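Encoded as structure tokens, the structure appears first; notes follow it.
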Amino acid sequence: MPLTRSKSLPSTDAIAENGGSDRQNLSSGRSVAGILHKWTNYGKGWRSRWFLLRDGILSYSKIRRPENVNLLSPSDDVRLIGDNSTDRLSRMYSCSGRGRRKHHKTIGIVHLKVSSYRESKSDNKKFYIFTANKTLHLRTDSRSDRAAWLQALASTRRILPLQSISGDFSFVSPTDLSISTERLKKRLRENGINENLVKECEEIVDSEFSEVQEQIKLLHEERTKLLDALKQLEMANLEAEASGIHESVYQLPNHNYSSLRSGKYSECSTSASSDVFEDISEEDEPSFHDTIECFSEPDAGSENMHFKRRTRLPDPAEKEKGVSLWSMIKDNVGKDLSRVCLPVYFNEPISSLQKCFEDLEYSYLLDQAYEYGKSGNSLLRALYVAAFAVSGYASTEGRHCKPFNPLLGETYEADFPEKGIRFFSEKVSHHPTVIACHCEGKGWKFWGDTNLRSKFWGRSIQLEPVGVLTLEFDDGETFQWSKVTTTIYNILLGKLYCDHHGTMQIRGNRQYSSTLKFKEQSILDRNPHQVNGFVEDVTGKKAATVFGKWNDSLHYVSGDAFNKASASLLWKSTKPPPNVTRYNLTSFAITLNELTPVSFRFKEKLPPTDSRLRPDQRHLEKGEYEKANEEKQRLERRQRMSRKIQESGWRPRWFEPQGESESYKYTGGYWEARNERRWDDCPNIFGEFTEEIADCA
């Protein structure tokens, strides 16, 4: 068996000298294998793993039992690294026997084409491999063994660019496909079939072929975008290597491919419980950005890019005191709950203005919809718009606390250059309570106003949204829809949960519209949160079927026939944050009320009406519950005067009503005023109330 052990290498400088021979060995199919010690977690520490480097992929598996390891066959041309690897492999062969050989279970793989590595500067036996979402901490038995592994990795990376991605795939464009019916017509005529029936058969064949051609076109577009993304990754690694820039800080254009965001082409683990990767703690190691940052476009003109958004809320300063919900609302059955005064304990530390922005968490779906429509695929544009409309409900899972009711004239801005969006909202009416919002994205605008009517029915709270949401693309295509009913169950007894139910009609002004049905959950329902629907063209013909769950994902199947086996993914929700609080905020929601010392420049640009400056909400976020309650009671006294202010002629600052439709539209000017810090006409609504506020409005 042509297994060889690596010779000792004096230093990593020898890598360059021996690169030619190793490059020849690896390109001819030779693999590298051996035992490395991998850091798992503080409970288990360093664990021995069997590593195999072959065809640009580094895989590893556990070696607790000999039969669990995929022993190398005599025909394998593998170079072993380290004395320990040779001795261990010999023992495995002697105790396993030829009849008991089993394939090993790989617990991790790393695609070196989209990964990077480096040696430790403080330990001459350690080195690291970095992927988009994980870091492997590895240790060898000797310095020479580490140099040998680094040499193998370097040789593999030099070979990979020679294998162009574009050369591995070839496919025919849908426009190049054609079909001839001459033989069919000839055969039919020979059998005495009349011309009318022959023509009808020809039309049936052409119709079937058109549907197949449309499906091939969709697959062609998806594969083209995937290949473009892989090429971008390949070029990013090559350019970063050539310029001496580490891959982790190299940024790619934001194409927002769902397949890349879901991690299909990054390192994966097939084990039941993945190992825990700890952050590098050595001072001489570099810092690394997460995957989202690597796929974002830098914007030097935005101060939001100068600090990393937070990943957790501040630790509470006080211990919470429980409050009886029944004692608060027993006298309010059948009333509008938005007008019931509740203690701050029942609130979450964001306002309804900020909660509106949570609907834009998955704004990349609209970016994709814009690109598909731009390329002429109107069906996929309509499908991604439907996915966006559903995705806004994902953040409500497990959210049982009530957002703060904004004061009249309260505003909120969100500038997220890493997403390519700017959002603004304002409370434009107190009675009825109406919130208007406006968002600008990459090739699209989104706006709307909502009036949430709530009723308490003893065991449940029902929320009926009133208002229309509008999405307009730069090419003039628009979609409009209204939200479905939300009900919160088991207010007094049992497990508290919320459900969304009803029918959502997404009306397009061109070729396609959508109908989505949110199924109401029953008591014995074991498959809750279901959403089913379809996309139809202007003639009423069903073009695609969609299905999924509003808290998890949405898939689609093209055509009238429904077959889950051929379904494609439209949207997948992100995982919950590791630092979960009783509010169950998503990772995105945790960033919305951020106002840290690092962002003081940002704070100076905010108007005095921004929700981040609301004192009761800020105290609640810090866990200062007594102060939060005091401020909430003070501001609610101010709130009770809002109706008088509104009746005295108050008008919204940034939105205006649209005729008799009771809808509001953004008038513009906010971001220009923000750049100039021109807030003279914006009152300090969170301060002590005076009659001057009404006059100023």
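Using the three backbone atoms N, Cα and C, a Cβ is placed for every residue, glycine included.
As written in TrEMBL, here are the features:
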COMPBIAS  1-11  compositional bias 'Polar residues'
COMPBIAS  606-639  compositional bias 'Basic and acidic residues'
DOMAIN    29-158  domain 'PH'
REGION    1-27  region 'Disordered'
REGION    606-643  region 'Disordered'
Intrachain neighbours beyond the region 'Disordered' (606-643), with Cβ under 8 angstroms and 6 or more residues off its ends: 313-318, 320-321, 341, 343-345, 347, 349-351, 353-354, 404-413, 426, 430-431, 593-595, 653, 673-674, 679, 682-686, 689
Structural state census, the region 'Disordered' (606-643) (DSSP three-state): 28 helix, 1 strand, 9 coil
Segment-level pLDDT (mean, integer) for the domain 'PH' (29-158): 77
